[in-house]
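A short write-up of the structure that comes next.
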């Protein structure tokens, strides 16, 4: 099946670099997206790479750091998530993190090259009593010269406006999967609930960060449906995180087969083609990816990652590993593109030394075994 063009992509596979610039579309059909999945792998990556070069520096990656500011005891039943109170994953529940600890981590994130600091809380939605503390947190992190992002669950219109007024740049709220597969993964909030929150974020004037998770047992058609939903939003999300499922013992999805890496790379490439001006983030699951798989993801159009040893409660490649990989690939981060190689290496060495000296008790790895006799804190 051939892909209908509609000026959506610059060229058919094999054509020259001088073809028409890719257009922003919001009318994708399931048939078109499934046709991308059926394309030969090399043709798909070639097409995605040319689209990528029309909108971005192909050798530059935006770097964010993600911190869990409130861990565990979430009332939702998302089957992939170790933070749900419904599953016995050994995760220690924690109260809302102290301001000074958040600021400490934000400073360290900036030193290691992150330009955006993301703060996540395991809530269905933030309580009104927590909003003043959250808005202060945004303002404090923003004052460090970092972009700010939060993921707190569902938002009301007024909450979105309050976060915007505090200086929040991005709000993350993923669609997770296709509408058709969604009920197999989550029952405690509807797909429309998620769409409503994204609308509140857009109406408040914040940037939207929204993507999904693959490898949860969904079909290719479901992956196509997720990307179609994202690309057919009134505005494309400014940031599109594509997560590979991280299986955590105790969650309902912990025994699923691993996703074939080439299928994950295809999803990255198709996201790039369909949302050409968005940052496509190579998000959860990188810890289990080879350098070669990650390199192909960057070739396919991924141009954003998370730095740091943890993503909320699951493991992530150490910052040093990313630095080494970027050097092998000739990739610069947005913050370090103007540094010489020597200055960049010195900056990272100093930051990594400080990071290694930092206390580790701010993080909890849900994928690690729980120490014997350790009791979870009651919230």
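Including glycine, each Cβ sits where the backbone N, Cα and C put it.
Site annotation (TrEMBL, ligand [2Fe-2S] cluster) includes 149, 209, 281; from 118, 297, the additional listed residue is 118. Per TrEMBL, the range carrying the annotation region 'Disordered' out of 1-23, 24-46 is 1-23. Counted within 10 Å of its Cβ, the other Cβ atoms near residue 118 ([2Fe-2S] cluster binding site) come to 28, all protein chains included. Other residues of the chain with a Cβ within 8 Å of the Cβ centroid of 74, 78, 81, the [4Fe-4S] cluster site, are 76, 77, 80, 82, 83, 84, 122. The secondary structure of residue 281 ([2Fe-2S] cluster binding site), as reduced to three states from DSSP, is extended strand. Between residue 78 ([4Fe-4S] cluster binding site) and residue 209 ([2Fe-2S] cluster binding site), the C-alpha separation comes to 19 Å.
Across the structure, residue 81 ([4Fe-4S] cluster binding site) and residue 118 ([2Fe-2S] cluster binding site) place their CA atoms 18 angstrom apart.
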